[in-house]
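Novice: The structure under discussion is supplied below as C-alpha cells; questions concerning it will follow.
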Amino acid sequence: MKTFSQYLMVHSQENHIPKELISTVESIIIACKQISRNVRLGALSGVLGEAGTGNIQGEAQKKLDVIANQILIDTLRTNPNVAGLASEEEDNFVAANEQGGYLVLFDPLDGSSNIDVNISIGTIFSVLLKPSGSLKTESFLQKGSEQVAAGYVLYGVQTLLVLTFKHGVHVFTLNEQGEFIETKSLPQIPEQTAEFAINASNQRHWEQPIQKYINELLAGEDGVREKNYNMRWVASMVAEVHRILMRGGVFLYPKDNRDPSKAGKLRLMYEANPLGLVVEQAGGKITNSRENMLEIQPTGLHQRVAVVLGSAEEVGHVRELHI
Ligand code: FBP
Ligand code: AFP
C-alpha cells in the first residue's frame, strides 16, 4: 500500500503532472487534515453549533463551516503556486499569489445540516489553471471539463481522500499517524444499479420528468423498470457520491418549481463540477437533467444547478425523460 507521497511521486511521473499542481493539491490535503482534527473532536474543542453569521447564499453558517473555510484560505494562500481561491462561503474570490498558476475552488464543509449530529460531512475541491492576465471572477468561470484535479475528503467513519488528476480515481484512508494511505485505485461505478437517493420531501415541487422517473423506481418490479429499487438519503452529497463510487447508485437533487429563478440547490463550481469529475473518471455520468454537467459554461461563481449523477444507465434514462 502506497503512502500519499509515494502515490504522488509515481502518479505524477507516469502522467506528467506538473510539480506546481502536485504542490497545490498537497496544500489542500494539509488543510483537510487540520479540518479532520477539528471535526473529530467536535464538542470537545467547542466547534459545534451556529456561527451566528450567514453566507452569500443566505444560509446560516455553522462554526465548523467558518473554521474549515479559514483553514483552507490560510493554508492555500501561503502556497506560491496558488493564484486565487473561490469558496462557497465567500462572497467574492480571494486573491493569493500573483505568480501562481492555479485556482482552487472549494466547499469547505459539505453537508452542513449533519455537522452537529455526527453524520458524514466532507470538503470538496476543484483545481483549475489560471488563465493569463489579471485575476478576475471570469478567470474562475471555466467548464468542469477544464478542471485539472478534483476530489473530496470525507469525514465519515474513516477520513478518506478521493482524488483525480484525470487519470482515474484514487482513494486514501487516513491512518493513526495522520498519513493518507492508498486503499483503492481506479474504482468503477457499475453501469446499472438498483439504488437511488433523493430528498422525497420535495416531491410535490419536482418537474414532471422527475416525478415520472421516481414513480417508475417506486413501482419496482411491478412497473416498467421491472426490478425493485432501494433508497438512501444521507443529506451530505459528498457521502452519497462516495457510496455511489463504491457500489453504484443514482443521486438526484432536481430543479425545484417553488422558485423558478433557481436552477437547483447545489452549486456548480463547488459541488457539481468537482464531484462530477470524480464520477466521470470512475465511469459514471453527471447531468443537470438536460446537458452534460462538465460542458456547462458557468456564468457565476455561486451558480446553482440541478444534479443527477451516478450509474450511467440511470443518468441516461433521466436525460431521455427530459427530451
Ligand atoms: P450545504 O452546502 O449547505 O451543506 O448544502 C448541500 C447539501 O448539504 C448537500 O450535501 C446535500 O445533498 C443537500 O444539501 C441536502 O439537502 P436537503 O437538506 O434538502 O436534503
Ligand atoms: P442492519 O442491522 O442490517 O444494519 O439493519 C438495520 C438498519 O441498517 C438500520 O440501522 C436502518 O435504519 C435500516 O436497517 C435501513 O433499512 P433499509 O435498508 O430498509 O432502508
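Heads up, the Cβ atoms here are built off N, Cα and C, so glycines get one too.
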Novice: Check TrEMBL for me: it has D107, D110 binding Mg(2+) 2, so pick out which one of E226, E240, E271, E280 it puts in that same site.
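Specialist: Candidate listed by TrEMBL for the same site: E271.
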Novice: Kindly point out which candidate in N175, N199, N215 is recorded by TrEMBL as part of the substrate site with D110, G111, S112, S113, K265.
Specialist: N199
Novice: D107, L109 bind Mg(2+) 1 in TrEMBL, but which of E88, E89, E90 does that record place at the same site?
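Specialist: Within the candidate list, TrEMBL flags E88.
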Novice: What is the average pLDDT across the domain 'Fructose-1-6-bisphosphatase class 1 C-terminal' (189-321)?
Specialist: 96
Novice: Starting from the substrate site formed by D110, G111, S112, S113, N199, K265, give every other residue of that chain whose CB sits within 8 Å of the mean position of their CB atoms, in sequence order.
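Specialist: For the substrate site the neighbour list reads N114, A235, S236, M237.
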Novice: By Cβ count within 10 Å, point out the most packed of the binding-site residues listed: E88, D110, E271.
Specialist: D110
Novice: Can you figure out which of G111, S112, K265, E271 (the binding-site residues) comes closest in space to E88 (Mg(2+) 1 binding site), comparing Cα atoms?
Specialist: E271
Novice: For a quick check of packing: other C-beta atoms within 10 Å of the C-beta of K265 (substrate binding site), how many?
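Specialist: Taking all protein chains shown, K265 (substrate binding site) has 19 Cβ neighbours within 10 Å.
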Novice: So of all those binding-site residues, N199, K265, E271, which one's Cα sits nearest to L109 (Mg(2+) 1 binding site)?
Specialist: E271
Novice: How big is the gap, in Å, between the Cα of N199 (substrate binding site) and that of E271 (Mg(2+) 2 binding site), rounded to a whole number?
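Specialist: Between the alpha carbons of N199 (substrate binding site) and E271 (Mg(2+) 2 binding site) there are 17 Å.
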